[in-house]
Amino acid sequence: MTDWLSKLNDQQRKAATHVEGPLFVVAGAGTGKTRTLTTRVAYLIEQAGISPESILAVTFTNKAAREMKERIIDMAGPHAVKTWIYTFHAFGVQVLREFIDRLNQGYKKNFNIIDEDDAKAIIRDLIKSQNLDNKQYKVNDIRNKISDYKYFKEDKFDDYHERNIYQLYQKNLVENNLLDFDDLQVLTHELLLTDEVTRTYYQNKFQYILVDEFQDTDHIQYEIIKLLGMKHRNVFVVGDPDQSIYGFRGADYNNANKFMKDFGNQVVLDLNYRSTTHILSYANRLIKRNQNRPFEKDLKSNLGDGIEPVIWSAQSDFNEANMVANEIKRLVSDYHYNYEDIAILYRNNALSRTFEDTMMKHNIPYVMYGGISFYQRKEIKDVLAYIRVLLNPNLDFYFKRIINVPKRAIGPTSVQKLEAKAKELKISMFEAIDHIDFSGKAKDALHEFKSLILEMSDKLNYMESLEEIVMYVAYHSGYIAMLEEEKDDISEDRIDNIKELKSVFVQGEQFYEGNFVERLQQLLDQIALYSDLDKADDRNAIKLSTFHQVKGLEFKVVFMTVMEDEIFPSPLSTFDPKDLEEERRIAYVGVTRAKERLYLTRSESRLLYGNWMNPSPSRFLKEMRPVQEVFTSRKFESSPTQKNTTFLNAGDKVNHIVFGEGIVVGVEDGIATIAFKMPHGIKKLLENHPSIKKI
Ligand code: ATP
Ligand code: MG
């Protein structure tokens with residue numbers, strides 16, 4: 001047996017060496033689903049001799065895809081690099097680059113991909129050009145409705161104008177040969193469904209299909225897998241219903257039932273290899289509260305009891321973040337932990353700011369997942385827009401972005417006139433420069449710009465390696481000079497970011513094959529698909545992230561922060577038991593990321609969205625903590641503001657610093673009604689105020 005097969009337990013090995021026919025591995029967090037899937041790919045290649053090109057493995061994030069590819073190459077050897085390992089979106093790009101013209105919808109194979117910001121920018125322009133009131137017609141709102149319409153076929157448009165914007169948006173995309181993220185899936189599905197040539201090609205090609213995080217696939221993704229897998233029927237999916245957390249984006253656990261009906265054959269894994277028993281008992285107690293659990297199973301660990309999780313309460317959000325920072329420093333200096341072993345998790349991105357500021361102040365290196373991404377920074381998008389225009393000057397969308405950056409005396413009016421001319425003559429804006437009928441400074445500037453583009457584009461054609469591009473473009477376009485002139489902290493950061501972009505290109509050189517333009521195009525695709533901070537190096541830094549972004553990952557130490565009602569579970573979810581259960585699964589994903597240490601923290605007051613609030617502890621804390629023990633948390637020496645959380649129940653005896661002994665009469669929303677001896681009488685107090693001790 002190979003070394004890597006012997007590292008699986010019997011159940012896992014059986015699943016990994018299952019060759020013919022479908023298989024659905026359903027199992028809890030940390031039971032080795034991903035490891036089993038990865039090993040199975042290596043097994044198919046190395047032991048069964050299957051050609052890597054005929055294997056498709058689908059992951060949830062780009063990062064997961066990269067890691068999986070590295071592991072498979074480690075196990076099965078260098079030729080495994082040809083395995084198709086992609087996210088659903090990236091897979092769509094591959095298919096569409098090959099066959100999109102067969103849809104006959106006007107798209108060409110050399111399309112560009114726009115991100116959410118670009119999509120919103122287009123909608124903003126349309127609202128303006130249609131002279132609509134931007135208070136009534138909101139960009140985000142219309143963006144969501146367009147997506148609902150395209151992806152879910154749900155028509156939520158309120159009136160004619162909104163529907164009209166959708167139509168203009170779509171027209172704009174097709175005319176500019178642009179695809180948004182919805183298109184990457186919808187068009188791939190449409191192509192596989194309606195075009196026999198495409199369908200047959202991929203059905204024959206992929207003898208083996210594997211899907212990780214199957215519980216979070218949506219209806220279109222399921223149909224894509226079904227269409228691809230129908231011929232060979234070797235579809236292998238792994239998932240955990242308790243970790244289904246993308247319901248709000250249409251993920252559909254009914255896919256599991258569909259799979260069983262369409263393909264069938266299920267196995268279960270039940271031993272957790274990630275976390276200690278104490279941590280798993282928190283996870284088990286929590287998820288038990290969910291009614292809707294297709295596979296009820298407690299997670300069991302073989303790693304021993306480990307360290308008890310702790311629940312900490314702080315007086316302010318600022319104190320909470322400081323507490324966490326101090327503990328991180330202690331873990332790194334007094335224990336064997338490195339920064340990269342540690343993650344700080346929270347419910348949504350808006351909560352990251354306090355932690356970011358605090359980590360900076362404490363000199364703790366961090367990277368943020370899912371915040372404003374490197375690739376969404378203005379300077380990065382500008383330089384990339386230049387590169388796209390140099391490849392094809394007729395891309396109006398990108399051309400417009402850079403026409404006056406840096407400033408070249410081409411004002412908005414001239415741009416509008418140029419655009420109108422292009423429309424009139426049905427040519428690109430770049431081509432329309434030769435036909436403008438105004439004169440003066442702007443005209444000269446436009447002609448100069450045109451020569452600059454032609455000159456740079458010519459130079460690009462003679463380049464051999466991707467490495468040369470970024471700095472050439474950044475300098476030659478005048479972009480760096482512009483930043484140097486601004487000369488402030490921000491412009492220095494921007495120059496650093498552009499240099500960082502160069503390293504992305506240097507790395508890309510090792511990854512892609514084909515001639516220069518093909519390699520460049522592949523790299524631009526990859527960049528367009530990045531959804532998180534995928535910057536080259538996040539080693540030796542703690543991670544700041546939402547729960548959603550760490551799906552499938554693991555950390556020795558996890559801080560689950562802002563565990564407060566009104567935030568987590570999110571207030572909207574508490575109206576509907578189904579939504580509340582999804583929130584609970586999100587918390588479950590958080591707990592099950594932790595290998596050795598789990599901290600649950602909250603604050604009694606918080607400044608959020610500009611308002612002060614006094615949130616109660618999250619109900620999930622009560623659900624998770626052991627019933628008998630109240631003082632599960634450890635005193636935290638270095639922070640005077642930190643104290644134990646005492647969750648009180650009616651009948652508990654307490655001792656209060658001022659009022660002395662008392663008996664709890666009732667607790668509601670974090671407020672305890674306590675009867676003290678006379679002369680104090682009945683008091684209503686914060687149930688976990690430091691002045692109260694349970695006795
Ligand atoms: P999640 O549901 O969070 O995605 P998972 O089921 O995919 O989890 P993995 O990430 O594959 O679980 O495995 C969890 C951890 O356990 C990893 O560190 C993995 O290397 C380890 N592991 C898995 N199987 C074994 C095994 N048989 N022996 C030792 N370690 C294992
Ligand atoms: Mg996994």
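Any Cβ shown, glycine's included, is placed from N, Cα and C.
A TrEMBL annotation is a machine prediction, not a hand-curated record.
The domain 'UvrD-like helicase ATP-binding' feature in TrEMBL is assigned to 6-276.
If you look up TrEMBL, you'll see A27, G28, A29, G30, T31, G32, K33, T34 marked as ATP binding site. Long-range Cβ proximity for K33 (ATP binding site), meaning a same-chain Cβ under 8 A and a gap of 6 or more residues, is found for V25, A27, D212, V238, G239, D240, L269.
If you look up TrEMBL, you'll see 277-552 marked as domain 'UvrD-like helicase C-terminal'.
The binding-site residues near ligand 1, defined by a Cβ under 6 Å from one of its atoms, are A29, G30, T31, G32, T34, chosen from G28, A29, G30, T31, G32, T34. Local packing around the binding-site residues T31, T34 was summarised as the count of other Cβ atoms within 10 Å of each Cβ; on this measure the leading residue is T31.
Neighbour density at the Cβ, taken as the number of other Cβ atoms within 10 Å, is lowest among the binding-site residues A27, A29 for A29. Taking A27, G28, A29, G30, T31, G32 as the candidate binding-site residues, the subset whose CB lies under 6 angstroms from any atom of ligand 2 is empty. Summary of the ATP site environment: with the site residues A27, G28, A29, G30, T31, G32, K33, T34 set aside, the chain residues having Cβ atoms within 8 Å of the Cβ mean position are V238, D240, L269, N272, Y273, R274. Averaged across the domain 'UvrD-like helicase C-terminal' (277-552), pLDDT for the predicted model comes to 89.
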